[in-house]
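As listed in TrEMBL for this protein:
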COMPBIAS  10-29  compositional bias 'Basic and acidic residues'
COMPBIAS  30-41  compositional bias 'Low complexity'
COMPBIAS  50-64  compositional bias 'Basic and acidic residues'
REGION    1-83  region 'Disordered'
TRANSMEM  94-111  transmembrane segment
TRANSMEM  153-173  transmembrane segment
TRANSMEM  193-210  transmembrane segment
TRANSMEM  222-240  transmembrane segment
TRANSMEM  246-267  transmembrane segment
TRANSMEM  288-307  transmembrane segment
TRANSMEM  363-383  transmembrane segment
């Protein structure tokens, strides 16, 4: 009896005698020598050794063993996903960037037309995401994990700062609602003290959480958090105030920065030669100046269009208003046409006009466009320097294809800040409002003096024919009864 051995070929099993093994080995050696000499490898088909037709075809891969069942060392490599070429990577990145750009544009215009409250929600979300990104770049995960309240304190300071700033805005612009509400009145009159105590509690908690061996890291985080609060949350507060003053004071600064960014790129790749600043090697002087000219032109066109809509030029007096319902107000004088005399035109030059009729807003938009073109980009340069300091490309990946939220908003903060300061200094019309009168009466008069003001206003309205005599009599009787009860 000869001992049998098993040899596996794919899924088939053939049995051969022990004596036949040397013959098999010699055959394998012969085939190996024929391969090394350049001969093509034979394959098994239906039990016979023959030359495969598939091997003679161009593009045949020797490592393809799916038909024969032989396992090779290249099998795992074939299962791995192929790496994309540079062109395919750029194409995929471009598609992602384009999709998210269209999505962001749709959200921006959709919220703006839907109403002021939706724009406020967008601004709030942007500042929270930006704060998170800026805080994250200085964070050391291993240290943060060993210190229990590092992240908690960051978010606490953000919340207390937003409470103070949002409260200031709501109280200022909606005094006539907040100050007459019994629940909101204590919070409104003591808002600043409450905000201060909230901050002090966070400060005390921070000092109490200091741990030996981590002082440098904790104080670095404390200082970094306050820098982020100033550069992001405080500037977002002024952008919020721009929305309350009128949608045009929010929309114009945003569009001027976007317009300048687009034309700086176009002019830079078209005729840019001279480098502007080392922090951003791709920025050129030609693109910088060309974008300024284009931004001024676009600014004039946008202003002329937006001034025609009361929804954009009126301050917010109804948070439920939208582009369809609109707003009603007495327009700011800067939006009304004004005739100017041109002093440099000689009187005998009758062919040239001696006067110019234009809205003062056109002069103001020139200043704002200039700031958006020549000063606001330095907010982007500041962000570039910050990223180079920490050796990062983007602040985050909040927006696929665009990097982080902070990367897109680096110029918007300083532009919105400037727009608020410029508006308050040169454009705003200060006059008594219902809210300011109520605030003065509540904070500066006693209850008896407040009732006297009400009686006086009732008599004035009666004399003007606005209310009837019954109103005056009713108020007089009930106010006297109130004084007696006190």
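Note: Cβ is positioned from N, Cα and C throughout, glycine not excepted.
Predicted automatically and left uncurated, TrEMBL annotations should be read as such.
Explain the structural surroundings of these features, please.
Outside the transmembrane segment (94-111) by six or more residues, the chain places 118-119, 121-122, 399-402 with a CB less than 8 A from a CB of the stretch.
Sequence-distant neighbours of the transmembrane segment (153-173) (same chain, 6+ residues past either end, Cβ-Cβ under 8 Å): 124, 128, 131, 135, 187-188, 191-192, 195, 198-199, 202, 205-206, 209, 221-222, 225-226, 229, 233-234, 237, 240-241, 244, 315-316, 435.
Outside the transmembrane segment (222-240) by six or more residues, the chain places 120, 123-124, 126-127, 130-131, 134-135, 138, 153-154, 157-158, 161-162, 165-166, 168-169, 206, 250, 406, 412-414, 416-417, 419-421 with a CB less than 8 A from a CB of the stretch.
Long-range contacts of the transmembrane segment (288-307) within the same chain: residues 248, 251-252, 255-256, 259-261, 263-264, 266-268, 270-271, 276, 313, 335, 359, 361-362, 365-366, 368-370, 372-374, 377, each at least 6 residues beyond the stretch ends and with a Cβ under 8 Å from a Cβ of the stretch.
Beyond its flanks by at least six residues, the transmembrane segment (363-383) meets 252-253, 256-257, 259-260, 264, 277, 279-280, 283, 288, 291-292, 295-296, 298-300, 302-303, 334, 395, 406-407, 410-415, 418-419, 422, 426-427 of its own chain at Cβ-Cβ distances under 8 Å.
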